[in-house]
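These notes concern the structure reproduced below.
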Amino acid sequence: MKHLEPDLPVLAVRHQSLTVVKVLGYPLSIFFIVVNEFCERFSYYGMRAVLVLYFKYFLKWDDDLATSIYHAFVALCYLTPILGAIVADSWLGKFKTIIYLSIVYAIGQIVMAVSAIHDITDTDRNGTPDNMVFHVALSMIGLFLIAVGTGGIKPCVSAFGGDQFDASQVGQRSTFFSVFYLCINAGSLLSTIITPILRAQDCGIHSSQKCYPLAFGVPAALMVVALVVFILGSGMYYKAEPQGNIMLDVCKCIGFAIKNRFKHRSKRYPKRQHWMDWAEGKYDKLLIAQIKMVLKVLFLYIPLPMFWTLFDQKGSRWTLQATTMDGNFGALVVQPDQMQTVNPILILTLVPLMDSVIYPLIKKCGLNFTPLKRMTVGMFLAAMAFVCAALVQIEIDKTLPTFPSGSESQLKLLNMGSNSLTVRLPGGPVELAAAQASENYFTFEEGEMEVSAGNLSAPRYFNLTREKRQTLLIPSDINKEWSEDITTKPEQGNNAVRFVNGMKFLFSDHFQHTNNSCEYTTEFGFGSSYTFLIQSSFTFGSDCGAAITVVEDIQPNSVHMALLIPQYFLITAGEVVFSVTGLEFSYSQAPSNMKAVLQAGWLFTVAIGNFIVLIVAEVAQIPEQWAEFVLFAALLVAVCVIFSIMAHFYTYIDPKEIEAQFQKKDDEDNKDFKDQHEKSEPGMVKRLSNERHAKETKL
């Protein structure tokens with residue numbers, strides 16, 4: 001499920017000169033807003049789906065750097081909504097803010113698409129950019145513009161849609177928000193399916209590579225469409241004027257209370273019941289009471305970033321984990337970045353299941369499953385998801401090859417002759433059948449290798465290369481024939497293949513005047529490496545494949561991607577229980593005019609959670625990925641315990657009741673004020689009463 005945009009208070013008052021066109025009882029303007037939201041969400045999540053693979057395979061960053069920059073970008077996307085809300089409410093208004101920042105957004109997407117065109121700097125046309133700094137700089141500029149754009153419009157679009165309804169359209173407004181959030185998940189689901197398919201294609205001007213320009217270009221085009229559609233509805237929108245931002249008032253009030261408390265820190269000043277009470281000299285008591293309620297909820301937010309630390313890694317670490325797995329589902333081959341589609345698919349299933357089955361069943365069992373208890377369970381489920389991820393990673397590690405370290409070399413033997421032979425190595429003799437290779441690589445720390453084979457009267461000496469894998473090709477008379485092997489597992493599910501000619505002549509020389517052919521078929525997995533030895537006995541014909549020996553140097557990915565489904569299920573179930581419940585709880589515990597403040601605080605926890613991933617990836621430098629997963633799971637379990645203790649001591653409140661008490665007290669004060677002065681100075685009472693009313697209205 002995607003993070004929900006804030007439902008800011010909507011204005012029911014309409015400008016008299018605006019003619020509202022309605023279709024089926026709904027303002028026509030909202031159809032432009034809904035289409036705009038679908039296209040924008042497609043653009044954002046489509047780009048983000050392939051982002052970490054773009055870092056790893058196009059920019060050639062390692063896993064830690066790719067993860068760090070990915071989460072820095074996501075964090076920025078959840079910091080900028082605060083700025084966007086302030087700009088919209090205090091300066092430009094929602095409409096202009098959406099227009100201006102959507103332009104910035106679209107430019108950022110276009111810049112990202114351009115940054116992925118390798119032909120721009122590929123002067124030698126070998127498929128690899130020659131000036132990687134240019135591509136990195138362009139991509140960072142593009143991501144910054146996207147973060148400013150998507151974050152800036154996030155708090156504006158849904159609220160702007162709500163502004164289009166008048167006071168009599170409460171039902172239509174509720175339906176609009178349901179459709180609005182459906183568009184968010186629909187755009188996410190479709191883009192996460194489509195953009196990985198586009199990325200997997202080969203494209204290029206002079207040489208072909210994975211088509212990241214198309215994978216970024218389609219989201220860029222959708223963002224341009226979103227902007228155009230939104231502008232087309234301009235004449236139909238109700239555009240509320242900026243009314244000021246409550247967050248600024250809250251910050252000023254808190255700042256004044258802290259400053260005043262610091263000034264009166266001496267013991268000769270009487271203590272206040274709450275430190276916010278030091279703002280009473282300047283700010284209204286109702287505002288102070290409302291801020292106290294908000295601070296009480298924000299205090300509970302302190303442990304929440306750790307949940308987002310784990311949750312948002314499904315787009316980084318989990319995607320990288322999927323690249324080392326088998327995505328063959330029979331008729332369907334799933335790309336690693338397409339596994340993220342499991343999340344929105346499960347969301348569409350689990351949300352109604354929780355609301356209509358699970359929660360009512362728990363209630364019937366007599367259990368008091370409060371919102372804070374639900375959130376605690378959500379954290380625990382996310383921690384268990386990472387335990388599952390660690391178990392899957394352990395299974396993956398068992399299938400990964402062990403490459404030589406900086407002080408080691410590895411050697412494989414390949415008998416190219418038609419007779420079996422015995423090869424004597426420093427570790428002992430090795431029996432090799434005709435046209436066969438040793439089963440595994442031999443690891444040596446020595447730089448020089450003494451090898452003897454067959455009936456050789458004297459051994460041969462070879463120099464091994466540190467940190468390299470090499471294959472010693474042994475023909476009928478041993479000599480220095482080497483083949484250097486790859487020392488990394490083939491990436492992106494590709495397979496490395498090489499051919500060794502065991503015949504005594506070149507194919508091109510011997511068969512250039514013949515039309516003979518040999519058909520040989522074999523199936524590859526994902527991420528494997530093979531050596532094909534064409535034996536000396538090779539002849540063309542229907543059974544030519546019998547004279548071809550296949551040597552597996554690196555085994556294909558054998559752990560199936562289906563094993564990722566349990567961890568996706570747990571993290572999604574945790575999200576439903578944690579995120580949806582958390583938003584509902586926050587709104588129920590906050591005053592009506594402070595919901596935007598809490599939404600800003602909620603988004604801030606998402607940003608902090610992504611910064612934690614960045615810190616762990618860059619600072620901790622944990623060598624084993626499964627150990628990092630266990631670390632995150634343990635941290636969230638610890639935070640879960642702390643949060644459960646905080647929740648135990650939390651007292652639920654009714655903000656409306658508290659606000660009503662203050663309103664009643666104000667009414668009583670006004671009545672007493674009038675009773676005390678109406679007999680003595682009627683004229684002055686009237687004047688002072690008007691001034692008091694004006695002051696209260698301003699507050």
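Any Cβ shown, glycine's included, is placed from N, Cα and C.
Those TrEMBL annotations? Automatic predictions, nothing curated.
Note that the structure is a prediction, hence the values are computed from the model and not measured.
Copied from TrEMBL, the annotated features are:
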- 664-681: compositional bias 'Basic and acidic residues' (COMPBIAS)
- 688-699: compositional bias 'Basic and acidic residues' (COMPBIAS)
- 664-699: region 'Disordered' (REGION)
- 16-35: transmembrane segment (TRANSMEM)
- 42-59: transmembrane segment (TRANSMEM)
- 65-86: transmembrane segment (TRANSMEM)
- 98-120: transmembrane segment (TRANSMEM)
- 132-153: transmembrane segment (TRANSMEM)
- 174-194: transmembrane segment (TRANSMEM)
- 293-311: transmembrane segment (TRANSMEM)
- 342-362: transmembrane segment (TRANSMEM)
- 374-394: transmembrane segment (TRANSMEM)
- 565-585: transmembrane segment (TRANSMEM)
- 597-617: transmembrane segment (TRANSMEM)
- 629-653: transmembrane segment (TRANSMEM)
With pairs closer than 6 in sequence left out, are the transmembrane segment (342-362) and the transmembrane segment (597-617) joined by 3 or more CB pairs under 8 Å?
no
If we call contact 3 or more Cβ pairs under 8 Å (sequence gap 6 or more), are the transmembrane segment (293-311) and the transmembrane segment (98-120) touching?
no
Taking residues 6+ outside the transmembrane segment (629-653), which of them lie with a CB under 8 Å of any CB in it?
293, 296, 299-300, 303-304, 306-307, 309-310, 313, 317, 370, 372-373, 375-376, 379-380, 382-384, 386-387, 389-390, 393, 589, 616, 620, 622
Winner by Cβ pairs under 8 Å against the transmembrane segment (65-86), considering only 98-120, 132-153, 565-585
132-153
Given the transmembrane segment (342-362), its same-chain partners at Cβ distance under 8 Å and 6+ residues beyond its ends are 1-2, 185, 188-189, 192, 314, 369, 564-565, 568-569, 571-573, 575-577, 580
Which sequence positions outside the transmembrane segment (132-153), separated from its termini by at least 6 residues, show Cβ-Cβ distances below 8 Å to it?
40, 44, 47, 54, 58-60, 73, 76-81, 83-84, 87, 97-98, 101-112, 114-116, 118, 120-121
